[in-house]
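Undergrad: Below you will find the structure I want to go over with you.
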Amino acid sequence: MGSKTPGNHRRDPNESSRPPAIDAINPPKQAAASGLVHGSLEGESQKRNKRKKKKKKKNTKELEILQTTPPRVALANIFRSQRYPEAEIVKYSSDNDNLQRTTAEELRHLSVLNAMDDEFLNDYRNAAEVHRQVRQYVQTIIKPGIALSQLAQEIEDGVRALTNHQGLETGDALKAGMAFPTGLCLNNIAAHWTPNPGAKEVILQYDDVLKIDFGVHVNGRIVDSAFTMAFNPVYDNLLAAVKNATNTGLKEAGIDARIAHISETIQEVMESYEVELNRKVIPVKAVRNITGHNILHYKIHGDKQVPFVKTQTNQRMEEGDVFAIETFGSTGKAYLDDATGIYGYGYDENASTAGLHHSSAKSLLKTIKENFGTLVFSRRYLERLGVQRYHLGMRSLVTNGIVQSYAPLVDVPGSYVAQFEHTVLLRPNCKEVISRGDDY
């Protein structure tokens, strides 16, 4: 989920060309292949003894539980040990990563490092595995003719089923589930669009460029990952540019990495691509006013940003940081404006409620705190809980700065925007691209 800069035949995700491979210690684990294990030959007496032995009955409790299609089996029932697979583990390069943390500025991150324990990693890996299984299924059903409301429902139903938290009981959605509303953005709509109740149905077309951006959390540990799909091959270079730019950002990310260097490198890679549309060659441009971002506990947007264009910031990545490395490339002006409508809402826990007088607003705020906390939510999520006549209360919360509203972000009409995104954990001795999968 992109952070807006302050002050203002079919193509699957894995079909675009890849950048040079990252040096991985442990690539994403694959499903184990079944096969026969051949032993050594034994004597006839051993064979006779074996025949006499009774065959052991299969313990049905130990039978492997497989995921369904669509995915609806909770991961806790598949991973009985409750230990979830590692993602892509990448060694730090010695060029820009100082593993000796000695400066006073970094001491403030000790509490973050102490929290990066086995439980932290397992929650993140759990959320990442949910994301992988859900997205790999929806990639098989994304075709021209599908309604975007149906696609959002498939994603969100899958996430809630696999986390085993439907979010209908008070506080249940805070344990695990959707980290923010599913983003389904077509063509020049870059980010922050989701189907809303009562809106006109949107049907996916052959010539559309669709960005799918959704987040999964387990105990507030948020995995934010996005990909783009297009059916018309004329967009291949656009998707390749953005995917390679994102992978470049992931390659450059690390402890002590300068954000300015990462941003400049991302832009250089992305803007080396061109696309030909309607017999006109158009350069792919890095979007200027939306950024990648760090992720905090229960907060999708932290206090650090990773632009996709050259910047003068002196900020560095630090040990213990969690970043959503994402890039957006456009065939338009590569500058986004707010469109009409509301994508979602987010509660600001630091805002004062002193000026809040409407009883409807107070009641709504209580519901928001109990069910979403600081996680971003949409109107669909409120109505799913049975909340009615909330518009006046929501208007009061937004006006008083207690809840922030997010509008869709768009480039100029007729342009096309693509997005790819992964979440990366900057662990003390390696970085883990937690959302990496076989698809992208």
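Even glycines carry a Cβ here, placed using N, Cα and C.
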Undergrad: For the divalent metal cation 2 site, Swiss-Prot lists Asp224, Glu326, Glu421; sort out which one of His192, His293, His358 goes with them.
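TA: For the divalent metal cation 2 site that includes Asp224, Glu326, Glu421, Swiss-Prot also lists His293.
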Undergrad: If I go by Swiss-Prot, which of Asp213, Asp236 binds divalent metal cation 1 at the same site as Asp224, Glu421?
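TA: Checking Asp213, Asp236 against Swiss-Prot: the divalent metal cation 1 site match is Asp213.
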Undergrad: May I ask you to report the DSSP-based helix, strand or coil state of Glu326 (divalent metal cation 2 binding site)?
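TA: Going by the DSSP assignment, Glu326 (divalent metal cation 2 binding site) falls within a strand, counted as strand.
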Undergrad: Tell me the Cα distance separating Glu326 (divalent metal cation 2 binding site) from Asp224 (divalent metal cation 1 binding site), rounded to the nearest angstrom.
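TA: Cα of Asp224 (divalent metal cation 1 binding site) to Cα of Glu326 (divalent metal cation 2 binding site) measures 9 Å after rounding.
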Undergrad: Beyond the listed site residues Asp224, His293, Glu326, Glu421, identify every same-chain residue whose Cβ lies within 8 Å of the center of their Cβ atoms for the divalent metal cation 2 site.
TA: Met1, Gly2, Ser3, Asp213, Ser225, Ala226, Gly292, Ile295, Phe323, Ala324, Ile325, His422, Thr423
Undergrad: Other residues with Cβ within 8 Å of the Cβ centroid of Asp213, Asp224, Glu421 at the divalent metal cation 1 site?
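TA: Sorted by sequence, the hits are Met1, Gly2, Gly183, Phe214, Gly215, Ser225, Ala226, Ala324, Glu326, Gln419, His422, Thr423.
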Undergrad: Quick one: which of these binding-site residues, Asp213, Glu326, Glu421, have their CA within 10 A of His192 (substrate binding site)?
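TA: Within 10 Å Cα-Cα: Asp213.
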